[in-house]
Amino acid sequence: MWLAAAAPSLARRLLFLGPPPPPLLLLLLSRSSRRRRRLHSLGLAAMPEKRPFERLPADVSPINYSLCLKPDLLDFTFEGKLEASAQVRQATNQIVMNCADIDIITASYVPEGDEEIHATGFNYQNEDEKVTLSFPSTLQPGTGTLKIDFVGELNDKMKGFYRSKYTTPSGEVRYAAVTQFEATDARRAFPCWDEPAIKATFDISLVVPKDRVALSNMNVIDRKPYPDDENVVEVKFARTPVMSTYLVAFVVGEYDFVETRSKDGVCVRVYTPVGKAEQGKFALEVAAKTLPFYKDYFNVPYPLPKIDLIAIADFAAGAMENWGLVTYRETALLIDPKNSCSSSRQWVALVVGHELAHQWFGNLVTMEWWTHLWLNEGFASWIEYLCVDHCFPEYDIWTQFVSADYTRAQELDALDNSHPIEVSVGHPSEVDEIFDAISYSKGASVIRMLHDYIGDKDFKKGMNMYLTKFQQKNAATEDLWESLENASGKPIAAVMNTWTKQMGFPLIYVEAEQVEDDRLLRLSQKKFCASGPYVGEDCPQWMVPITISTSEDSSHAKMKILMDKPEMNVVLKDVKPDQWVKLNLGTVGFYRTQYSSAMLESLLPGIRDLSLPPVDRLGLQNDLFSLARAGIISTVEVLKVMEAFVNEPNYTVWSDLSCNLGILSTLLSHTDFYEEIQEFVKDVFSPIGERLGWDPRPGEGHLDALLRGLVLGKLGKAGHKATLEEARRRFKDHVEGKQILSADLRSPVYLTVLKHGDGTTLDIMLKLHKQADMQEEKNRIERVLGATLSPELIQKVLTFALSEEVRPQDTVSVIGGVAGGSKHGRKAAWKFIKDNWEELYNRYQGGFLISRLIKLSVEGFAVDKMAGEVKAFFESHPAPSAERTIQQCCENILLNAAWLKRDAESIHQYLLQRKASPPTA
């Protein structure tokens, strides 16, 4: 599954330029113990006790589900008939299954060759989402058929078997019936053994109106009139391979499609809303290239005869990898050649790559239990980049990985309230909580590090061994390590257990000494903490694959070592005194690096003259920014380094720098010198803005378009006069139909005119939203509405967020946009959430969208008492699936407050001094 905002958020990153910085003073400030005590005093440092939970008993298990469902698209109900071939392993007079929001009408068990035994009682355990069927006599070991007739509701919660609203080309509102079962919602569509390790085959039939499209995991094998109603047909699908319940899917609705065959002969279709088949062509092209890529990479063929990719109107996640029928948000699948921006194309390519990787890794071989979810998601989140790099080398996607996934995971994993990659999961309510940046982005980052440590050849060999050994079965993390160890001969389990079983990651401190013609490096590792230097007694240790490069060859490692102890000395032979030395080539190792002052000084010219590779320039800046956030160095020193990026040409480096400046701007919105940091932003971004201009030049590509949008948006938001004037002129022409804005310029222009606009501007934007035929354009507008500054207009935007105009899954980004737009917006969004909590919580039913909403809305606060207020609110308004997120948000608020107290004055003085004597480039 792809979480919508777990996607590389291409608009979220921010950046800086200027003169050579003076020597950096690395001020080791040990305030972290005080901060930790404050966390404990607020009760923020420990997760609540887990609910007791038992997995299903093993005495009865399914072999095959024969399932027929008849959805009613007007009354929003469905009827179901299940005949499951089952194996009774030990004598019992009851069968326990998962079941939620379903009413069983009749149930019976027919032992093979014997008489039917009718169940005499159905005991629903709603809290545990189970039902116990009781039988009057003992079911003996052997096989038989479990028959259940039941009814259920096509809910509006975007989980289970649910309804999705759409508008026909003629403007009529209708509903499709669609599914989202991961993690534990197949039980809302039919009674089942809803655990990933309880696999079976499925024979699915759907009874549907004859003018509707009906799809499931497999190809259609029969379509015949339904006896009772000439307007209805029964559609039968081929038997599936052995698979888990969470990967079953069915869709009933109105769709067009485009199709092709992959070079391996697999039928690939992309289903789109009616009249929009053209918008499925880009995803179709990506999918047709991707299937053979994975087949060759894993050396295992795709096991089904077809794969469908379908755009669903109301969809909580970004996409879901149901075997053979992958469901997507419209914005994650549809590309309009004229109206889609470059970042949307890239997002679609990544999401398609992610979900198709799961067809092997997750579907063919499935995690044994949710504890191993990270393996599914971390692996798919890594290999999607490998796939996109293969299909679109011009995207420079691996550099983007560092900004989008690697640094994002490190931000979260430095908190006291992070969690290990592998989390012991019991009760289903805990599962949603681990669909987060640790499972996805840290998971992907450590697999990237592992791939680099093993080498591609042995990694592929190990993957093939793993998939071949466990196909149609279940596996745990250790099984993958064993296969990779056998393929590579390296101590994979020993190394990787230090990364998956304990939370956090190391800070590697390095200093150097020239010894004749050699360079002696002294390395030490300690856990990196967002609150400052680690002060605990028993510091965790990692086995860290470390690469070391020098200015002699900045793109290849001079040495590779495995750091398996707290301290190490390393001698680099033949390194001249004037050569720099850098750790973590390519920013592949999942650690942060702190250099001695002298080592850092020698690296900084490599930023200015671009002799350091882009991904290393990015990593160096990001490490320094994180060290400043943690109070280990001064933020002023980082601002000086940011000014060295004056000549930077690389989109992703700018994107990461931009993101960090955005974090700093949000922090300083709590001060009275917010305008000064905006001046700094303008100074840093103006030179690259002038170089790029507004219009593409001949020969420009994908990354130039992304960079132009990023830079103009940054300058416009900061109030850069020329950018603001041009944005207003182009917006006017766009609205009047004189000159339509290119898709890549719409976000920055919309953002700029709204931030510096009035009620009329907002009304025009809302009108454009209403007129937009494409969900991508509606989302583009929704994400920037929060930039408006007047309290009255902010309230209008928040009210709009809960209106019928906004799809349920997109409300989160509208409210989040308000919270991120301004200091007043943050307060207004938090009040709005509290005032409308019941409606919002009911809408998302404790899924991951509620966590996303909370995080986006409160994380920007920087006053200690707000942490207490947030904690108190959620104590009286529990959100079990967001408990960890709430803890993390409160911790971040306290960290922001500490950062502000520590560095605000020195930042202010630096900005004033800079104003008095502007730097020369």
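Keep in mind that glycine also has a Cβ here, set from the backbone N, Cα and C atoms.
Annotated active site, proton acceptor per TrEMBL: E355, in sequence order.
For E377 (Zn(2+) binding site), the Cβ neighbour count at a 10 Å cut-off comes to 28, with all displayed protein chains included. What TrEMBL lists as Zn(2+) binding site is H354, H358, E377.
Taken from TrEMBL, the feature domain 'Aminopeptidase N-like N-terminal' covers 62-247.
TrEMBL lists 282-499 with the feature domain 'Peptidase M1 membrane alanine aminopeptidase'.
Sequence annotations record features per position, and here TrEMBL assigns domain 'ERAP1-like C-terminal' to 580-893.
What TrEMBL records for Y440 is site 'Transition state stabilizer'.
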Fewest other C-beta atoms within 10 angstroms, as judged across H354, H358, which are the binding-site residues: H358
Distance [Cα-Cα, Å, rounded] between Y440 (site 'Transition state stabilizer') and E355 (active site, proton acceptor): 13
Pairwise CA distance, E377 (Zn(2+) binding site) versus E355 (active site, proton acceptor), rounded so that it is a whole Å: 10
Average pLDDT across the domain 'Aminopeptidase N-like N-terminal' (62-247), rounded to a whole number: 95
CB contacts for E355 (active site, proton acceptor) [other CB atoms within 10 A, all chains]: 29
